[in-house]
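Read through the structure below, which is laid out as structure tokens, and then see the notes.
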Amino acid sequence: MAQYLPLLPEIVFTILFLIYFVIGLFIKNRQITGIMVMTISLITSFILFRADGTAFKNMFVADNFSQSLKLVFLLSLFLCTLISMRYEKIKDSIFYEYSLLMLLSTLAMMLIVSSRDLIPLFLSVEFMSLCLYLLSGFIISDLKSNEASLKYYVLGSFASAIFLFGIAAIYGVAGTTTFYGISDFLKNNSGITIYHYIGTVAIITALAFKAGCAPFHQWSPDVYEGAPTTITAFMSVGPKAAALGALGRVIFESFSFSPQLWLASLVFVALLTMATGNILALRQNNIKRLLAYSSIAHAGYVMLAVIACSQEGLNSIVFYMIIYAFMNIGAFAVVLALPDGESIEGYRGISFLNPSLSLCMLAFLFSLAGIPPFGGFIAKFLVFKSVIHSGYIWVAVIGILFSILSAYYYLRIAVKMFFSNAQEQIQSKYLIPSNLKVAIALNAGLILVTGVIPGIIM
Amino acid sequence: MTETVSYPILSIVTFFPLIGVLIIILLKNDRAVRYTAVFTTVMNLLISIPIFTNFDKSSSSFQFVEFYNWIPAINAYYKVGVDGISILFVLLTLIISILCVAVSWSAIQETVKLFYSMILIMETAMIGVFCAMDLLLFYVFYEAMLIPMFLLIGIWGSANRIYASVKFVLFTFAGSVLMLIGIISLYFMAGKTFDVVELSKVKLPLEFQYWLFFAFFAAFAVKVPMFPFHTWLPDAHTEAPTAGSVILAGILLKIGGYGFVRFSIPFCPDATLSLKLFMQVLSLVAIIYGAFVTLMQTDFKRLIAYSSVSHMGFVTLGIFSLNTSAMQGGILQMINHGIVTGALFMCIGVIYERTHTRELIKYGGLGKAVPIFVLFYTFFSAASIGFPGTNSFIGEFLIMLGAFKSSFYIGTPLILGIALGATYMIWLYYRVVLNEVKPEIKEHLHDLNLREVLMFIPLVFLVLLIGFQPSIPLSFIDTSIKHLLDSLLNPVNLTMK
């Protein structure tokens, strides 16, 4: 039995999931099912750090990196369930199916970051993607949601095929698919052929697609805009963290001895991602689309930590994604809380109607822009620190120049909230559901605390 | 050392305003909010008194040092302390904060709670900037000023406030993120530490010093602002509410100069020496160009704003002439500029509250209409020109002395700068105070009330005190300057890394 101990969180999660799967059928009350899902994520979080080690001949690993990323997934599951408890677009009758898919995709993400072999990695990435295809098209009556799902599905299948192709090429060269096997092979054999390049570039392409990095990002704004807002919030954190975490692990554990294989392409992808995300976000008037582009930009910053290719880099990925989960889901919660939260005009003058909500949103925006004293600053700081430590100062300088652009589009929302007069027609005070209030206050508090005393989660 | 303060006084002074913010959040009544703000700022000045009485002027090291773990994983500490240079800025911040609360008493009528909360948060951040002895901590305080300032300009500013506030944030942010890259690379070059004292002892390779100098230059030159980076300043100053302008002119600009003295010069001594001329020339351009642009202005507030560009040119010239008297003058002039320009912005604020116009063409004849106001205004104009007996005279004189000591060709253009400075201030005086009262504003003009008189008195006192007894502020900074210049010009005790 002891050899299965590293899988303890997954096993517990699966058992709880199965229990929920049965019991949930008989519970019609949406609040109770929601609380059950949140409980599952909390219980699993508590046993997360109990079991270190590897299993299945080193194909599965539970180390600090994977455990912390799993915490990100469980947290984002928790927060996204919290904000969707009273979300009207998701009907009571389908909330059960919706929560099942969220749970399943969380399980898949947990497997992704623990994989130490390309085949299990591929399988769990597919597992996650299937759940996400369904989630993004979850509202059957909404054409945009359908379009998003179809687009995601077609392009995603294409990326999966490329992934498989890359694995085949690497297997053809190295004769193994385990990360350490590949690493050993590359250490001992200096000859590099075209198949090495094909293999690494295909793997980078596929994972960059899943993470929504440019130039493979085209699906994400449409999907983020089309999908129900809670799912957008969910998809913008967990799957991204999973894909970037997996990429970081593959590069660090398999290819760190031959940077010539991936360095140029990763730097290219990272810079292009930051450029695309930040430049295209400048002119968006739909907040969900704006946050979609901003999440592309954030994937670019995290990509810098992948380039750093060090333990420090991996740690900064984890820290970044934790903070990112708080600030991004917080921002989406504000989008949900406002009657016209999806368009930038809906933010006009809300600081007069609801000062505390707009101050929280201001905190999320400044944190996303990476301005102290919020957690987003420390996250960005650590990422840039890791890439500078690895010696790529110029990459960091270009990255930081793009992040100046990001301040502009986040400020646009802040300007609308604080400096414009409220529209006359919606002067009446609107009610914010209590679950959103809790979520917003919780996230705002967390980014402030992690910004002022980041030591507590490092 | 005669240190007798046994409690963490610097942290208390830094974070005391936040207690005021907490109280303000709970209050409902605008009046109570105002009184709480005044009480908090005055109280903060009072509890800071032991810092000044127990300060050991003969020591160049940091005093009242507090040292706690902050982020152990990256060796960042919460470390604060003051030396002879920063202690004066802490005092200036404490005084200016009280005046900001006072000057907004009747001018701010909407969202009063948020306004005073922002002023108090600003106070915390500004004191923190001057006390921080850890680069990362400094950066956090430095950037924490962005949000309150952004809101101060944007919510309570005048017509073009949105443009001005966004421009302010973007310029400052752009400069400071480059500094952040500099800080991180310095961290790795100097053996993984953010401690300012440790970092000043490290000898860095020359090439790295150049790059680091420019990384810090990006942040501080925007903040000062130095010549090509000054364009945010007139907009931000002009559009900000009076308290915002006073904070900007009084403290924020000084953080740039302070940063040069505290970080750029000790960390990059060789680069500083070889870039001395470059910095001096940039400062001269700022002085002369700034003065000419000031002459052209037709907006009361914008005129004073542009004059700041010129005055801050004196400061950077003083700092980068790299000799004792110029450095003394540079630092003293920062304090002077904070007092005098702060006072001038308050004058404008007071008169704008009555007339609701800043167009100079609508002004005239204030001497007949509001004599008490003009009494103060005349005094502060004279101080701004550098009239003997006022504080700016001492500052400008020391800078000129140092500039001539540095080079004849640097000192000579300075005379033109001073002459132009007198020209625009006197011409402004002519347009505002003399002539006949314009009918548009005549009925609105009434003289200062007691609160307004009271808030000008301490500034008058400070101007005269520094003017007649310059040795009081200079005695604080002398040792620190001597230490700074010693380690710059005779680098003997430095360890090779």
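Quick reminder: no glycine exception, Cβ is built from N, Cα and C everywhere.
The transmembrane segment feature in TrEMBL is assigned to B:6-27, B:32-52, B:114-130, B:168-190, B:210-233, B:245-265, B:277-296, B:303-322, B:334-353, B:365-387, B:407-432, B:453-472 (among others). Residues or ranges marked as domain 'NADH:quinone oxidoreductase/Mrp antiporter transmembrane' by TrEMBL: B:132-412.
Below 8 angstroms of C-beta separation, residues 224-227, 230, 233-234, 237-238, 245, 249, 253, 256-257, 260-261, 265, 272-273, 276, 279-280, 282-291, 293-294, 297, 328-331, 333-334, 337, 341, 344-345, 348, 360, 384, 395-396, 398-399, 402-403, 405-406, 410, 414, 417, 420-421, 424-425, 428, 485, 488-489 of the same chain, each at least six residues beyond the ends of the transmembrane segment (B:303-322), sit close to that stretch. Of the Cβ pairs linking the transmembrane segment (B:334-353) with the transmembrane segment (B:407-432) and spaced 6 or more residues apart, fewer than 3 are under 8 Å, so the two regions do not touch. Contact between the transmembrane segment (B:453-472) and the transmembrane segment (B:365-387) holds: at least three of their C-beta pairs are under 8 Å, each pair 6 or more apart in sequence. Contact between the transmembrane segment (B:114-130) and the transmembrane segment (B:6-27) holds: at least three of their C-beta pairs are under 8 Å, each pair 6 or more apart in sequence.
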